[in-house]
Each structure stands twice: as structure tokens, then as C-alpha cells.
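> This is the structure I want to talk about, given as C-alpha cells.
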Amino acid sequence: MEGGNSPDLQLQQLPPTMAAVSMFPHEDPYSYKENLIGALLAIFGHLVISIALNLQKYSHVRLAGSKDPRAYFRTKTWWCGLFLLLLGELGVFSSYAFAPLSLIVPLSAVSVIASAIIGIIFIKEKWKPKDFLRRYVLSFIGCGLAVVGTYLLITFGPNSHERMTGENITKHLVSWPFLLYMLVEIILFCLLLYFYKMKKANYIVVILLLVALLGSMTVVTVKAVAGMIVVSIQGSLQLGYPIFYIMLVCMVATAVFQATFLTQASQLYDSSQIASIGYILSTATAISAGATFYLDFTGEDVLHICMFALGCLIAFLGVFLITRNKKKSIPFEPYISMDAMPGMQNMHDKGIAVQPDLKASFSYGALENNDTMSEIYTPATLPIEQEEHGSKGVAALPYRVLEHSKKE
């Protein structure tokens, strides 16, 4: 009897929690709690950033439409926006220390949703209900899809957690999957940079892909720096490791170059195109970097990975529909219309060449000739006078300037 019960007694002495953790490593409630904290911090940060940017934009627009001689940085609205911007960036930065990288990056769609809702709420034009629905139906559908995608991302996101210590980060940095990924990314970045700088390939996909490749390294270093700071606050000091300062320098450098390429893209293309294409490319490359460096999807089942990918696709579609509905910028038109000048055809007429009439005099200094004006204010003209070419093969001037006296 005692020999038969000895195996049962041995099994009862095993710690049940250790057995559960070894068999189901992703059902630790504390890890899900960390995921929820990181997701909430990211959503809060992106929401506050969107409000801050709209406040600063409102400050600029308000000063431009008034006779207030103050600069924008002397207004309370602009400083309030700056404070909220720093608070939002701090929230997003802190979120990387709690949740996996592949979960935090796609949540930047929240800022696009918030910007769309704020733009609709603070619109100054009055629309009829039918016109309003027709104008913003794509925005409503896009916001709904983005919300559904965000829910799927949080629910089926990766649940891998690791203490961001100097040893762990160094181990990931020299692992062969990440070294291979870095080699491919460096080659691709150099090729894109060559075509962009040397071949003048100023395509929006080329510029934003450069931004996305830099951004993938930015988020990897941000998670490392934020995680080591949080671990140091918890009691285990990590600031003495050289890898911390290497990651800090890489974070600042990649962020600066990323902002440079974004500025160049904003000078060539519309902001709505940059927002949608940039979000898709940056999210895809950042998830790839997180899966390679931090091994975010290690141990995840196929269902969770497929649902997470579906959430990303739905969020991509939602952001695309939201930005698709933005108004396109009106091209600049000169204050003086060219068709008001004598001898100039209408530039907006189809089928008519934009060419001055050679038989008429081309006037400068006034929009039209007025014979009733005083002779003093009569503008000088340039009459066209055709001359034959010289016999020696030297072409004469096709016109000559005639000086008009006051009597003429």
C-alpha cells in the first residue's frame, strides 16, 4: 500500500503553478495585464498627441486670421498643445516597456481616428444631413474598420514578455536572425537611397519606405531604452551597460533621419497620402523587426497569428479610407489672372494654346489699356516688328524696342 501510494505522493508534491507555466506559457494573467497596460498607454498617448497637434494647428490658424501681432509661441493655446504633445509622447514611450513591440506599433491608427473625429466635430461649415453623410461616409466606415482592427490587435496580439536587461538585449543583438535581417535591411536601404538621390526617383513609396526602414530600427531601440529604464526603476540598475547608450544614440540618430525624409516627402506629396502609405509601410516593417529581434511570435499558435494579421489588414483599410476622404489641397493660382493681360489667351480654355498674340502689343504694368487715362500713366509697350535675316547668315533681332516720347 505504501509503495503504491508513493507515486501519488510524489505527484502531489509538484508545484501546480510551475506545471501550468511550463505547459501553457502564454496564460499567465500577469502577462495579459502587462499587455493591457501597454495598449492603454499607447492608445492614451496617440489620442493626446492628436489633440495636441490640432490645438497647435488651431493656434496658428487663429493668429493667421486675426490682427494679433503676437507670435504663435506667445499664446496659451500653443503651449497647451506642446504640453499635451510631450505627455502623449511620454505615454507612447512608456508603453513599449510593458507590451510587445508588434502590439504597440499598429495602435498608431488611434491618432488617425482621433484626427478624423476632431476634424468632423470642429468643422465650421454647415452641411445638410444628406450632404454631410455623403461627404463623410468614407470617414465613418474607415473609423469603424480601424476600431475593429484595433480590437483584434489587442485581443490576439503577441503575449511574449522578457525583462529588458543588458544581457538579454545584447543576446538578441548578436543573434543570427537579427544579423541577417539587418543585412537585408541595409542593402535595401542603400539601394533605395541610391535611386532616390542619384536617379532622382522621388516616388512616394521610395521615400516612405526609407522612413519605414529607419522607423523599424527606431522602435527597436525605443523598446530597449524604455525597458531598461523601467527595469532600473524597479531596482535592478541597467544604465551601466554600454548597450543602453548604444541603443540611445541609435534611437536619436534614426529618429532625426526619419524626420528629415518625412519633411522631404511632405514637400512633394499630400499629407493624407503620407499618412496612409506611411502607416502601412511603417507598421509592416516594425512588426517584422519586432518578430526578428524580440521574437514576439515565438510560441504563438496559428490562429492567434492569423487573427492578428487580419486585425492589421482591417486597420490598414480603415486608415486608407479615412485619409482617402481628406480634401485635396488646392493648387496655387496667381493673384493676377493671365487671361486678363492683353494679347494673352485664357489659360483655362481647353484646346487653345497659351501663347500671346504676336499682332498685338504686349503691355506691362497694368491689367488692361485705358485710353481715358492720363498720358503720364500710359504704360510703355513693346511693338513687335519682324525683320528679314541678313544675307551673311547672321540672324537679326526678331524685334526692337521703340522708345516712346511723351507726345507719342
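Note: Cβ is positioned from N, Cα and C throughout, glycine not excepted.
Annotation source TrEMBL lists transmembrane segment at 36-56, 77-97, 103-123, 135-154, 174-196, 203-231, 243-262, 274-295, 301-322.
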> In the same chain, which residue numbers or ranges, 6 or more beyond the ends of the transmembrane segment (135-154), come under 8 angstroms Cβ to Cβ?
35-36, 39, 43, 103, 106-107, 109-110, 112-113, 116-117, 120, 127, 307-308, 310-325
> Using a Cβ distance cut-off of under 8 Å, indicate which of 36-56, 243-262, 274-295 has the most pairs with the transmembrane segment (203-231).
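Selected stretch: 274-295, with the most Cβ pairs under 8 Å.
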> Count, for each of 36-56, 77-97, 174-196, 274-295, the Cβ pairs lying under 8 Å from the transmembrane segment (103-123), and report the range with the highest count.
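It is 36-56 that shares the most Cβ pairs under 8 Å with the transmembrane segment (103-123).
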